[in-house]
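To keep things clear, I will list the structure first and then write my remarks on it.
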């Protein structure tokens, strides 16, 4: 879900450090300042290849979700314990977001990406042979750490080889491709489980990792590296942001408002199969509907952004999400839970998350514009940590539907409190039109 990744819920943005101001006129020597166009061209990497390596990190979480009931039987554990495999994957996505960007800036995109894909592939093999849940969780954590390399570096490579306007267009196209992942991954997982068993999912991911590594070696040139900031500077930015009440408010609120969704994703197979008696083959379809809510929410933000402040969009979106979670909780408590009673409230929740996510991210990055890249990485890590925590809490108790709904309601209330606290500490009124709008993807 890195997930988180839950998908990982992840918000794809043009994250990077604030650009240095471009020269705009004659220099002090009387000669024209050099333009950015004079910089040697960076090789363009095929967009489909970047989408593929990014897609792999997100699909690895969602493809395993429909297999959770069968895997629990095979390993002799209960549903709550089995859901930890999602938590560990999300945690790996969160940690990876803090590491890959600075390391790739220093050593280059290509070798770091190759290293990450290799880790992903070896971890997939380890997951296939894992004899118990403990070793499976370790393998999933390593798998997420490796898969996160594509998620983080895919956007960086697009920006390396494109001017600002072209980069935006290519990022939008790549995000469109990647967004397909959370929608089709559960359905692929269902087919693999029914035809060849739950462990075959890891063989498929191993094959994907090998194919990705081969393609990167053959087709991907180096696009950047050896020019990044020192680890000390990166650590300094992280520490400053973690000491900022405003940033923490937006980051914690954004995580609670969005990646709390993983609490539902992790227990959905048990809700539909065990509680509602539906065939396991339908689970993938129900989970795919959540992506529609995210997509429509993100689409509406792009229309509202010039009319409404980001703070209002963020707060309103979170209220919508809380309403969806409350509806599901009430239905579960009164014993009237049904497939529509789960799917419709969760579509409402994801629609609200699609509204809140871009605005929360923009507010978090605006706390310190000169450390926007660090803020983006730290924000993403916070999302994944919160997602992992929510997933673990949803595994408690004997009623998965009630547990997930309670987690979503509590997370939504905490998000609202965090948003208002962040605004107070920020000491400013957000400006309409500042929000960074991009497709919201579940990692």
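Each Cβ is built from the backbone N, Cα and C atoms, and glycine gets one as well.
TrEMBL lists 46-430 with the feature domain 'Major facilitator superfamily (MFS) profile'.
TrEMBL lists 1-34 with the feature region 'Disordered'.
What TrEMBL records for 45-68 (among others) is transmembrane segment.
The annotation transmembrane segment is assigned in TrEMBL to 80-100 (among others). Counting same-chain residues at least six beyond the ends of the transmembrane segment (80-100), those with a Cβ under 8 angstroms from any Cβ of the stretch are 1-8, 10, 57, 60-61, 64-65, 68-69, 71-72, 112, 116, 133, 136-138, 140-145, 147-149, 151-153, 238, 259, 262, 265-267, 377-378, 380-385, 387-389, 391-392, 394-397, 443.
Residues or ranges marked as transmembrane segment by TrEMBL: 112-131 (among others).
The transmembrane segment annotation in TrEMBL covers 137-158 (among others).
Here TrEMBL flags 170-192 (among others) as transmembrane segment.
The transmembrane segment annotation in TrEMBL covers 198-220 (among others).
According to TrEMBL, the feature transmembrane segment maps to 241-263 (among others).
The transmembrane segment feature in TrEMBL is assigned to 283-301 (among others). With a threshold of 8 Å between CB atoms, the same-chain residues lying at least 6 positions outside the transmembrane segment (283-301) that come near it are 9, 62, 65-66, 179, 182-190, 261, 264-265, 268-269, 272-273, 313, 317, 339, 342-343, 346-359, 435, 437-442.
The transmembrane segment annotation in TrEMBL covers 313-335 (among others).
Packing against the transmembrane segment (341-361) from elsewhere in the chain are residues 9, 11, 13, 250-251, 253-254, 257-258, 261, 264, 268, 271-272, 276, 286, 289-301, 310-311, 313-325, 327-328, 331, 376, 379, 401, 408, 415, 419, 435-438, 440: each is 6 or more residues past its ends and has a CB under 8 Å from a CB in it. The feature transmembrane segment is assigned by TrEMBL to 341-361 (among others).
The feature transmembrane segment is assigned by TrEMBL to 373-395 (among others).
For 401-419 (among others), the entry in TrEMBL reads transmembrane segment.
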